[in-house]
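Listed in TrEMBL for this protein:
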| type | residues | note |
| --- | --- | --- |
| BINDING | ASP97, THR98, PRO99, GLY100, HIS101 | GTP binding site |
| DOMAIN | 20-286 | domain 'Tr-type G' |
Amino acid sequence: MSVDTAGAARQEAEVSREAGRRRTFAVISHPDAGKSTLTEALALHAAAISSAGAVHGKGDRRGVTSDWMEMEQDRGISITSAALRIDYSDRVLNLVDTPGHADFSEDTYRVLSAVDCAIMLLDSAKGLEPQTLKLFDVCRARRMPVITFVNKWDRPGREPLELLDEIEQRIGLRPTPLNWPVGIAGDFRGLIDRSSGTYTKMTRQPGGATKALEEVLDADEAARVEGAEWVQAQEEIELLEALGADFDHDSFMAGESSPVLFGAALPNFGVGQLLEAVVGLAPAPAAKADAGERARPVEAAFSGQVFKMQANMDKNHRDRMAFVRVSSGRFDRGMVLTHAATGRPFATKYSQAVFGSERSTIDTAFPGDVIALVNAQALSVGDTLYDGPKVEFPPIPSFAPEHFVVARAKDAGKYKQFQRGIAQLDAEGVVQVLTSDVRGEQAPVLAAVGPLQFDVVRHRMEQEFRAPVETSPLDYSVARRTDAESAPALHALSGAEVLRRRNDGELLVLVHNKWRLRVIEREHPGLFMEPLLAGGVVEGD
Ligand code: G4P
């Protein structure tokens, strides 16, 4: 073996080992289910951060604020998104943050393209909520493994069996509880581990989000201490066994069954068990298919895909960051990569790990890690960066917009700035930009999944690009893909309009509402109209 080959083999072995240590996941939930609290609790539990609150908790937001983060603070919502690295025993957990507000769901959807597993977080009193369902649909379309965490068990809530039933009935996901609560929601005593039968009694510590006092008891001792609650939990577990609700690896990996854990993030009950489940069950990064459907193994030369762009996170540096999920190979800061879309070199002198207000420089990264590249003006969401022979990953599907406005520069003299700003927001995926000869370049149509995205556009156009815009809503709520043949006939119909999407050149027909769409489909069956989402993700209609 030559020296070069030996070196390459050593690096491959290192990459393979490092990838195997990683678990990259996101938490999907409805606002207020406790995502921020759980994130802090996970990090606290793994002792990755010294005090709860360093993650962007709503109550204690510190450090960097940019001007659009001010907007975020005013509204008390989370717009920013990045990844938290948690070192936990010999594993590296990458928790990719998802924006909390329903209006930023498109962003959230993209984040899900960068993870290998999701934690579906439910509020024990509320069960499945609208945004949980939408996000779960994306996981299902990707056949992503989902671990369920039923949170807030320290507060009055629903019966555990009723919650499991809801999961099975409403989304067809077979729940397989890994642990079982003793004591109803609101009177949480502890958790029985179903595989070992051990009982962990939890005692609340004063001071809120500190690590709960946990005491492991044997069955006799537990029965004596917990009395009737213990008996009831045992009966319920027997029922689960009779139903065959046991963990099954293959159906979990196929996204058909979901291990369920109970707990409470705020007093840190059951969070350790959740960490263990992520480490033990979530898959390590695996080979990813490129645009030609060839699987690129994790040991191949460096490659990664931009899943999120973010501008202006720090007032002092009007920077533009690209968040890249590493797919293969080893990343070393300073590497010069190739940008697949243009073939141009991309220098990575400045690469960082970012979470909430915390930033730190990243020197090396491996498959499953998320790196933030600054000075990333040339990059767009979905772009591939690679080292060595060319590779390009398929685009991240863009989601069906449901809100549409026409944008115009308030000051005609600022047209250049207007164009530049709109192009940048398009590249970042803040909104989709649609144009047509009829409307002209001066008045593009902006399309979004949620209307709050237009607030971000107005704010950033004024503050960042110095080109204030006025937007007027359009009376459309449905978009379909069409083709050049059908476009003229569709455009001529009332309640419909055809435009071209700038970032991929697709022709879209916008329709007043889904009833009008049904009528058009019925009356003009020959016209081509296709739901927009790749990957089988359901639309919001
Ligand atoms: P989100 O990121 O999903 O939107 O939820 P977040 O963590 O902000 O939690 C929403 C509310 O639920 C917070 O209360 C939080 O303290 C509470 N919470 C989260 N997990 C638990 C839990 O396990 N038990 C209990 N009892 N409460 C929990 P808040 O009053 O809205 O906000 P705050 O003032 O406490 O920050």
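The backbone N, Cα and C atoms fix where each Cβ goes, and this holds for glycine too.
Not measured: the values here are computed from a predicted model.
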Other CB atoms within 10 A, centred on ASP97 (GTP binding site): 25
Per-region confidence, the domain 'Tr-type G' (20-286) (mean pLDDT, whole number): 83
Other C-beta atoms that fall within 10 angstroms of the C-beta of THR98 (GTP binding site): 23
